[in-house]
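Following: one structure in structure tokens, then a few remarks.
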Amino acid sequence: MSRKSIGEKRHSFSMRKLSVGLVSVTVSSFFLMSQGIQSVSADNMESPIHYKYMTEGKLTDEEKSLLVEALPQLAEESDDTYYLVYRSQQFLPNTGFNPTVGTFLFTAGLSLLVLLVSKRENGKKRLVHFLLLTSMGVQLLPASAFGLTSQILSAYNSQLSIGVGEHLPEPLKIEGYQYIGYIKTKKQDNTELSRTVDGKYSAQRDSQPNSTKTSDVVHSADLEWNQGQGKVSLQGEASGDDGLSEKSSIAADNLSSNDSFASQVEQNPDHKGESVVRPTVPEQGNPVSATTVQSAEEEVLATTNDRPEYKLPLETKGTQEPGHEGEAAVREDLPVYTKPLETKGTQGPGHEGEAAVREEEPAYTEPLATKGTQEPGHEGKATVREETLEYTEPVATKGTQEPEHEGEAAVEEELPALEVTTRNRTEIQNIPYTTEEIQDPTLLKNRRKIERQGQAGTRTIQYEDYIVNGNVVETKEVSRTEVAPVNEVVKVGTLVKVKPTVEITNLTKVENKKSITVSYNLIDTTSAYVSAKTQVFHGDKLVKEVDIENPAKEQVISGLDYYTPYTVKTHLTYNLGENNEENTETSTQDFQLEYKKIEIKDIDSVELYGKENDRYRRYLSLSEAPTDTAKYFVKVKSDRFKEMYLPVKSITENTDGTYKVTVAVDQLVEEGTDGYKDDYTFTVAKSKAEQPGVYTSFKQLVTAMQSNLSGVYTLASDMTADEVSLGDKQTSYLTGAFTGSLIGSDGTKSYAIYDLKKPLFDTLNGATVRDLDIKTVSADSKENVAALAKAANSANINNVAVEGKISGAKSVAGLVASATNTVIENSSFTGKLIANHQDSNKNDTGGIVGNITGNSSRVNKVRVDALISTNARNNNQTAGGIVGRLENGALISNSVATGEIRNGQGYSRVGGIVGSTWQNGRVNNVVSNVDVGDGYVITGDQYAAADVKNASTSVDNRKADRFATKLSKDQIDAKVADYGITVTLDDTGQDLKRNLREVDYTRLNKAEAERKVAYSNIEKLMPFYNKDLVVHYGNKVATTDKLYTTELLDVVPMKDDEVVTDINNKKNSINKVMLHFKDNTVEYLDVTFKENFINSQVIEYNVTGKEYIFTPEAFVSDYTAITNNVLSDLQNVTLNSEATKKVLGAANDAALDNLYLDRQFEEVKANIAEHLRKVLAMDKSINTTGDGVVEYVSEKIKNNKEAFMLGLTYMNRWYDINYGKMNTKDLSTYKFDFNGNNETSTLDTIVALGNSGLDNLRASNTVGLYANKLASVKGEDSVFDFVEAYRKLFLPNKTNNEWFKENTKAYIVEMKSDIAEVREKQESPTADRKYSLGVYDRISAPSWGHKSMLLPLLTLPEESVYISSNMSTLAFGSYERYRDSVDGVILSGDALRTYVRNRVDIAAKRHRDHYDIWYNLLDSASKEKLFRSVIVYDGFNVKDETGRTYWARLTDKNIGSIKEFFGPVGKWYEYNSSAGAYANGSLTHFVLDRLLDAYGTSVYTHEMVHNSDSAIYFEGNGRREGLGAELYALGLLQSVDSVNSHILALNTLYKAEKDDLNRLHTYNPVERFDSDEALQSYMHGSYDVMYTLDAMEAKAILAQNNDVKKKWFRKIENYYVRDTRHNKDTHAGNKVRPLTDEEVANLTSLNSLIDNDIINRRSYDDSREYKRNGYYTISMFSPVYAALSNSKGAPGDIMFRKIAYELLAEKGYHKGFLPYVSNQYGAEAFASGSKTFSSWHGRDVALVTDDLVFKKVFNGEYSSWADFKKAMFKQRIDKQDNLKPITIQYELGNPNSTKEVTITTAAQMQQLINEAAAKDITNIDRATSHTPASWVHLLKQKIYNAYLRTTDDFRNSIYK
């Protein structure tokens, strides 16, 4: 029985209702149907686009209005169909055949078009479908089928899969057609265009209630229908007048593979997106019937078609079409179904599109009968089956009706009676089961699932057959039994799947693990979700893809990079019923991992410290985990960063027995196996138990050894000497002589002793030490010091390796300070040795041993790599790379040394292997690659007999070592390998090595190898942050930035030009940073304060114009806790206290004046809180959050408070140096890492300075202290290198001298020569600065002996010192010496400075002129010798503020120049009341005389004669043997002290007016003495006048009586020096005496005066023996007529001076003067046997006599010296009548008269002299004893002056 649901529409079709055509045609069409419907194309992840091609002629006017005349552009998500319209361009000739007409006629002949009209309840009819019946088949078409379609071009139709946003392809080029545009339909609103019967279009939307639905075909067994009948159930159409949908379909499951039938399924809105499930049809053996469910209004009978039985199960295949997601796909081709078809109807409302569910009906037990069709009047209605009564009659067989007897009863013929027999039989029948369908909302729509398997029942019937003639004529049922069937229960799916969505609801960055956690919201109402993947993109690149195991759980994506912009997307896989489909969800999220934490990136060592017995000490191991870690902290050391002090959070025991120490600082992390983790942890070993003779504790070891010095002791663990506290006077850990054995290995493992502060042993006596490492030594002592022992006798040391720093005031060595008959083998030292001795006592410094002696001593197979500093200054002090002093048969063999030796004193007894082998030291098979500076690469002793063999080097040194063979590096390496040295430091400390780490930024993700330098520099700019951040900022450094190419040494925060060290107090004022590069340049970057980091102890600054940041390398703190602890202690320290003197090593009553720190000490103490903050900020990265750190640092300062104050004061006093606007005091005092030395501690260095002792801290030792204490931490070898390095950085465009001169407060005059060639040299000095007048260049020269001047000059607080520099001298003087009274006022302040400056300028010019003259006189070799630096001190005879003159001592604090310069320099000398000045050959000291006075300048030339005569003025010939130094100065080469002086000497200083009537010397000496020829010309002219006047005076006196002669003249004679060794007279002295009457009687002529050795009484003594080497002068106008000589040796003082000038005038400087005054002929004299014993030299020397000189100079020209002199007088007397006239101001008797007298003749001149002599005779005693009283003397001066003026200083002759 058929049921119809309420509102259900049914379409019934009946062949009888077709009003046009033949039934046969209609029927046959079902078998021949071949017209295909457009196939369903697959949906995919991309946008499906349909291209449908059609001709323009098919468009209506309305359609043409929708035409877009353009090409399709970009694909949009809403696109559906493009109708591509073409215009035909082909016009074929008319052949009488019209294809359209032909097609129509052909189609009309083979087809029948049936219009299906729907009748509505309101009586209206509408066209529903076209039923096209053809001979090839049937096609049910919707009314809209003829809309936008064209069969002409349909072959080109296509479906495209185009990504949204991609370009659509251009339409095809079709031959004969022109593309003109397109019409587009969209799918976003599911609107479809349909053309109604009247040609109008209407839009239909799925969302509207009247939208058209298509039908699903469902197969089921139905016992209600007879075999061969079928039922087609189609979902009815909703009511409404809307146009027909373009999409329409009918069921196609009954089509064969040859009867392709396409069906489109339109989905219920309630199930849109769900997959349609096509049930699998089981194999059926029974016919299948099709049932049509009809509506009340529209019924059409349908026919059934018999098909062969289908053997295979049915299932739904195919992809989905747009708009039908979730529906079952229509399979286009199916195999031929061979069974009858049964079509189930569709379900009622709410179940559209679903398989019909048949209600369960009772089993049908009656016979089946086939009903015919309905009778007229019942068309379209179901056949009514009348109830049939039970048949009780015998069964009769009816035949089939014959033709033309249809409907008539069959004619039964009568048959004869037959015999009837019976037969019993049993018939078993199957009772078919029924199928019950249950809707399952969890099962995909149209899918079926057998919930319960059906089972057929059985019916057993017993029959009795009646047989007649062998035929059964009747059968009678005897019995019947039944087994009921089990009904089959089938679940039918109603689920229509929709595409699930996965939305990212949350993204959490887990930055420490480089990962993210993503949370999702999966919306999957229909369980279509299959899987999903999280995809991470960097730009367009997929970098990470992770399967989402459970969308409900958080998804972790790891392995990401920091500072990379990422996008996270979700790639979804789902299934809507058929195949898996994929797409990328629209829910995305951008993110970037940014990680900024504090990380300790590089660790060389990590040390645990804790408090024990009221002191902090280091722990190498722990016996248990402490419960309270407040008193513990950690030191982290690195060569790349400052040492860090960090608090301990916890200490716990690990499972392996070690202890885990956790360091906690806010934001501190370390990298683990899966990313970063909080805090930093390291391990500490567990302490081992002690065993007899085996030790694991240093304290127990020392205690045991001290109790038994002859025992055997073995180490079983690494240990630290920090366990033991030493007494103040303790110089070693063990006292006494150790005779036992110390073994550093237990046989399986070697161990080390750490942290020695003193030598382990005092003495090793026959002891053995082997297999031991001694590490991190930090020993300092005022006694002999070494790591292992102070002394060793007959000891054996093997396989001992030492590493650390050792310093001392006496002998210093790596292993043993002093050894005798000791063997040291296979051992090594690595580190620093500092010998800071300040005296001249014996000491030796060596890398292995200081001094080793004895034939049994051997140093074999040792290695040294060390920096050694020494103050070796004499033969008692040595330094060597391996041994300082090697003597008495001791041997060094098979050993190698590398490193550097710095000798602050420049003494050369320093060697790369050994300082000295004197005597009998032996060296064999050694290699030295040591930079020895002023020493030698192998041995400091270079005597040829030294026993040094097979010594090699591959480096170059300043000095050539006679024993060194130069080899290549490869050769050196091979030689060292052959030595077989196996000692190593690497075999111990394994537990500590586990805590080491290093970073290589180039190995990190996103790092670029070529940016290695940039990463290193960014590390400097932000040292605390994690390495990934370093790489991130490093990648932002421009390739043009210097940070990209050049390595940084340090970064210094600044405020303008001020270095900022107190960062906490000035953090907001920091506005730039200084970048110090390794190429010795600096650059500056502007910065602005950005913020405090999360850990507020780290602060950040933005760098202007850059993408990176800056953070100072300091945990910013005000250090309140520490300062509160120590401030009062520091403020109570006094400089002169006993405690301070104890630290200095000075006696309680010792004065500390020579420190010159008084003023600065008080200034530092007054501001100690600020200084302390600077020290702590720059010292280490001190984190003050831990109590242990605060207490440790506080105790360290308090325990060393005196040393701390001394060191801090010292640095503030001597390093307060300016470089233009830049003051470097803070940089020098606190920034010890400025040169990249990150291992240096500011606090430790300052304390070490204070502890270095009084001698080291003396102001005069600033150069030595730098070399010993600061060079290694500052990175420059000398203090000069240090200040020059700063100059190069901060004033690169200035020279050292320019900077020095600008920044010292001393008044400096550098007087360059007026000689062009000299000035050129001085202005362009050579590399050795030989010609430079720059004060800095000169005091920094290697030859300068007063280098301690540097820092006092640079730090002078005021102008109180002057410096005058010229070609040969460097003069220093104090302003206080010239505090004169001017106009009754004692000069001070600016007036004094102006006064002194003026005098300095004048004196400097005079000194310059003096040396210019000498430069002009000398040969080229001697000229070069003038370029030197002889120090001149102006003395300490100063005046105080009251004008009182006194000799100041260096402790005088009232004289600024003493306190600030002369005192600190340490250059002082005692007062000498009898000395104006003195010299010693290399310096000049003024005492009574003042350098800047006019007379003082003359004295200056006097002293410089002493410093220059022998080697320079005498051109290397030396002084003539037998003549003292003073003969060469006063009265010979010393400049006159005035141009008015009557002394026979040269004016080399003063300039005067040319027409000065009083001058007696040249008015411009530089111009006049511009060559030796000019000098001779001048002197010859001078002697022309003097000889003439002397002859006239002789004539005037010889005319007098003998009494006058006797008073006027004196006789000069020789006395002799007796050579007692050779028993002979040698050198002469002069004496004068009065004449006897007999002698006077012989004086009758000029020649008689010469022959009788007569001199004038005037200007000489009446009677005197002139001591040799005296201060004498010769008067130009008091004649010496004598020609006295000495044939036995050198002449006396008077005659020497007189004859020297006469030779200068006659023969010149080189041909007359030098041969006479110098030892030019000494070699010749000595060779000839003329010699004498010199007590000065202690040997025989040449005896150069006057006779030899005379012979050599005159070469036979004269017969004697007297003959020479007579000739000189005669030469002038012969020309006197040719004298040029002169005019003088002269009036006898009136000395001040201006009366002019013109002298025109010699006679007139003679007359004037006669008159003057007569005047003197009247007052003869006075006139001859007091030169100014002599009128002759005055007249001669006036005549001489007149000729001097008229001849232009004798440039012209006095003769006509």
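Backbone N, Cα and C atoms are what each Cβ position is placed from, and that goes for glycine too.
Keep in mind that this is a model prediction, so the values were computed, not measured.
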Among E1515, E1521, E1526, indicate the single residue that Swiss-Prot lists for the Zn(2+) site containing H1502, H1506.
E1526
Cβ within 8 angstroms of the Cβ centroid of H1502, H1506, E1526: which residues besides those meet this for the Zn(2+) site?
A1479, E1503, V1505, A1525, Y1528, A1529, L1530, Q1534
Pick from H1502, H1506: which of these binding-site residues has the biggest number of other Cβ atoms within 10 Å of its Cβ?
H1502
Average pLDDT across the motif 'LPXTG sorting signal' (92-96)?
44
DSSP secondary structure for H1502 (Zn(2+) binding site), reduced to helix/strand/coil, please.
helix
Neighbourhood of E1526 (Zn(2+) binding site) by C-beta distance under 8 A, where only residues 6 or more apart in the same chain count
N1669, G1670, Y1671
Helix, strand or coil by DSSP: which one applies to E1526 (Zn(2+) binding site)?
helix
